[in-house]
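Here the structure comes first, spelled out in structure tokens, and everything after it is commentary.
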Amino acid sequence: MKSLKKKRRIQILVAAAVALVLAVGLIGYGFRDGINLYRSPSQMAENPPEAGEVFRLGGLVEDGSLVRGASETVTFRVTDGGATVPVRFTGVLPDLFSEGQGMIGTGRMEGETFVASEILAKHDENYMPREVMDSLKEQGVYQEPNS
């Protein structure tokens, strides 16, 4: 009788372990394309992304760098005070997107240019994404709003 209980207990533990491994595997598989790492221009200069890697780039849109093409293609440069990355985006920019303001773009590198598939801009004149604020503070160029 004890042997049967022990055998049943082991079967339950093995089944639970297999279910746990399957669940973790399915979660990892589901997130494989949904996790985009954030990088500042300085981080990209120090550790370039792998070819084809999708990631988020954030910083300030450099003054005087915004060029609107004849179509919906826009080019500009993003900086964090330490490094600058050229960006190309085809699509409609958010209404609050402008030079000297914070932005985060999702995309990948093509040569030396970051090709964005999505651009996010600040919410109001005082908002800045936390990642951008942290990287600007790290570079020593962050200024408090209204200062």
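Each residue, glycine too, has its Cβ placed from N, Cα and C.
Under the heading heme binding site, Swiss-Prot lists His123, Tyr127, citing sequence analysis as support.
As annotated by Swiss-Prot, topological domain 'Cytoplasmic' applies to 1-9. The residues of the topological domain 'Cytoplasmic' (1-9), classed with DSSP into helix (H, G, I), strand (E, B) and coil, number 8 helix, 0 strand, 1 coil.
Annotated topological domain 'Periplasmic' per Swiss-Prot: 31-147, in sequence order, evidence recorded as sequence analysis.
Residues or ranges marked as transmembrane segment in Swiss-Prot: 10-30.
Looking only at the topological domain 'Periplasmic' (31-147), the predicted model's pLDDT averages out at 83.
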